[in-house]
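Enquirer: Let me give you the structure first, and then I'll get to my questions.
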Amino acid sequence: METPEDKRTCCGSLRDFFTSAKFLIYMGHALSTWGDRMWNFAVAVFLVELYGNSLLLTAVYGLVVAGSVLLLGAIIGDWVDRNSRLKVAQTSLLVQNSCVILCGILLMVVFHFKDELVHLYSGWILTICYILVITIANIANLASTATSITIQRDWVVVVAGQDSSSLADMNATVRIIDQLTNILAPMLVGQIMAFGSHFIGCGFISGWNLVSMCVEYALLWKVYQKTPALAVKVGQKEQQVELKQLSTQKGNLENGQSPEESSQPLMNEASAVARPDSPKQHGCCYQVSEPLRTLRAGWVAYYNQNIFFAGMSLSFLYMTVLGFDCITTGYAYTQGLNGSVLSLLMGASAVFGICGTVAFTWVRKKCGLIRTGFLSGVAQLSCLMLCVASVFTPGSPLDLSVSPFEDLYTHLVGGKTLSQSEPTGIHMDVNATFAAPTEEPLQSYISVSLLFAGVIAARVGLWSFDLTVTQLIQENVNESERGVINGVQNSMNYLLDLLHFIMVILAPNPEAFGLLVIISVSFVAMGHAMYFRFAFKNLGTRLFLFCSPEQKVETADSPSLPTTV
């Protein structure tokens, strides 16, 4: 029988958990990702609706977002490293939500006065509104990138302390929140737009971000108060020590100490504070080129990391059509699958992704972090073999007699009628090709069934591997370089993601999708081969002894890095 003391202990434990820094981070992350998922889903729908059911604005927006993160990822990460944690988190939060609110209000104005704006100054005002929407939305995405780097890659590490198991649990919980919000948030805003209007949808998202911004701001402040370690940053701590020592030396001089006793230390401290490469000692050109030097230094620092091959392996997984994006969805429509079936498949994919995050924590405790990545890679590749098999099974549209570039060539050279009726460029043609209904009923669903069975099953290994590489970066990158390294990692991810869209643009017809599947699996295999190189370098033949303890990551190439794995 439960005693009153037990009840008080249980209530106290629950109260401690719900007021802990971990839970507050989970709450803030849930609110942030919920708003992000709603906005990312809605902005694509809004842009399609604004431009007459064309995908041109959506394609331009995607290109601008990817290009911006690719070019500015290292600079954003460097800004995160140079400033205090609270300042970075608060600034990125305010900029992101303010931009979304402003963008939502602008879209409400455009939807309400679209007919008038079309005829005003020959439509130039409407074109300027399109440019403003894409620009402001891109700024919001860059701020979201900064938020992701500082919270998920830095704050989580500090809150977890030196406990690797606690860090793994926090990473897994954050990823489960990502999975759930990725399903539920678009469903909510989609229903609002379906039963209301796009105008109401814009207003709802703007209002949500306004309320969420205030709550997240308060949660960040509470986490910062409950975790004193967040107030200390390696680079800033060194500067404070230097300034304190310099102040002490000056005080000694004022107190009558001889110049000979204080001149040498004072010169050393002065040189430490005012470094030779300080922008103040150079001209205007030096200051203008500082972002380029920061960009170069970030990529060089990323290359010199001991987890370089682990990070590259994760980036290579983005070069794939085997995911639930617009490419795979369009191909599914050509194979006779309707929206209801696709929604069920997406739900199953999310469930398997959550299973992967849960499996990660269990396997890491049994086999170690590095071996978990190796096992996750084997599991993902094994499941993707079903996708390769689907290319050659009955029902596959693969036809090697059809040139993969034939459709693109027709649209660019001979498609005069199409270009006149659909003036939306290559991006529209690609999606129109994938979404075109089949004229003849399919003889077999074996191929498409194997394809999606492999894609869904591979989510277990994919998300477990993603968590492995994330924790490797968290634990083995110097605290003063976490921002810039994760910024470059985001840039690499976007680069490979861009390449996969270019691959589809070059071969958009369904008959060539089988080739895209094989290319995608090849890139995944190359990525896991890079991870195997990293794992074998650190564990050697003990990589295959799954019950033996792991050693620390080798740091011979970068002795300043921490060596705890």
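Using N, Cα and C of the backbone, Cβ positions are placed for all residues, glycine too.
Keep in mind the model is a prediction, meaning the values are calculated, not measured.
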Enquirer: Check each of the ranges 211-231, 442-462 against TrEMBL and return the one annotated as transmembrane segment.
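Expert: Of the candidate stretches, TrEMBL labels 442-462 as transmembrane segment.
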Enquirer: Can you tell me which parts of the same chain pack against the transmembrane segment (92-113), counting only residues 6+ beyond its ends and a CB-CB cutoff under 8 A?
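Expert: Result: 32, 35, 39, 43, 46, 49-50, 126, 129, 132-133, 136-137, 139-140, 143-144, 146-147, 150, 197-199, 202-203, 205-206, 209-210, 212-213, 216-217, 220.
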Enquirer: How about the transmembrane segment (307-333) with the transmembrane segment (55-80) - do they touch, taking at least 3 C-beta pairs under 8 Å (6 or more apart in sequence) as contact?
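Expert: Between the transmembrane segment (55-80) and the transmembrane segment (307-333), which are separate recorded stretches, there is no contact, as judged by 3 or more close Cβ pairs.
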Enquirer: Counting only residues 6 or more past its boundaries, what in the same chain has a CB within less than 8 Å of a CB in the transmembrane segment (374-393)?
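Expert: Residues 313, 322, 356, 360, 363, 367, 444, 446-451, 453-455, 457-458, 460-462, 464-465, 468, 514, 517-518, 520-521, 524-525, 527-528, 531-532, 535, 543, 546.
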Enquirer: Within the same chain, where does the transmembrane segment (339-362) have neighbours whose Cβ lies under 8 angstroms from its own Cβ atoms, ignoring anything closer than 6 residues to its ends? I mean 6 or more beyond.
Expert: 168-169, 172, 175-176, 179-180, 182-183, 324, 329, 332, 372, 376, 452, 455-457, 459-464, 467-468
Enquirer: Under 8 Å between C-beta atoms and at least six residues away from its ends: which parts of the chain pack against the transmembrane segment (442-462)?
Expert: 317, 322-324, 328, 332, 335-337, 345, 348-349, 352-353, 355-356, 359, 376-391, 393-397, 517
